[in-house]
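Asks: Let me begin by handing over the structure; questions about it come next.
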Amino acid sequence: MDQLNAKEQQEFQKLVEQKQMKDFMRLYSGLVERCFTDCVNDFTSSKLTSKEESCILKCSEKFLKHSERVGQRFQEQNAALGQGLGR
């Protein structure tokens with residue numbers, strides 16, 4: 001990144017931010033789809049039942065913890081790879 005001039009660094013940063021937003025939206029969409037499909041079963045009311053609310057809360061917490069854990073593993077692997085390459 002040090003080899004890039006200021007304009008190139010700015011463009012690179014913009015691309016990184018766009019990718020992060022895209023990844024976040026993919027994560028969020030996956031969370032909504034999965035938890036809705038697994039938890040919402042009663043379409044006779046526009047409100048969630050207490051059972052559905054509880055299920056969605058547990059589902060979203062589990063999904064986010066899993067995603068966080070996967071991210072940590074990627075960081076660990078990248079660090080190990082970086083050390084292996086002599087960085």
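From the backbone N, Cα and C atoms, a Cβ is placed for every residue, glycine too.
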Asks: Could you check which of 35-59, 60-84 is flagged in Swiss-Prot as motif 'Twin CX3C motif'?
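Replies: Checked against Swiss-Prot: motif 'Twin CX3C motif' maps to 35-59.
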Asks: Using DSSP, break the motif 'Twin CX3C motif' (35-59) down into helix, strand and coil residues and give each count.
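Replies: Each residue of the motif 'Twin CX3C motif' (35-59) counted once, the result is 15 helix, 0 strand, 10 coil.
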Asks: Just to verify a number: CA distance, CYS55 (disulfide bond) to CYS35 (disulfide bond), in angstrom, no decimals.
Replies: 8
Asks: Mean pLDDT over the motif 'Twin CX3C motif' (35-59): what is the value?
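Replies: That stretch averages a pLDDT of 95.
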Asks: For CYS39 (disulfide bond) and CYS59 (disulfide bond), what Cα-Cα distance in Å is obtained after rounding to a whole number?
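Replies: So the alpha carbons of CYS39 (disulfide bond) and CYS59 (disulfide bond) sit roughly 8 Å from each other.
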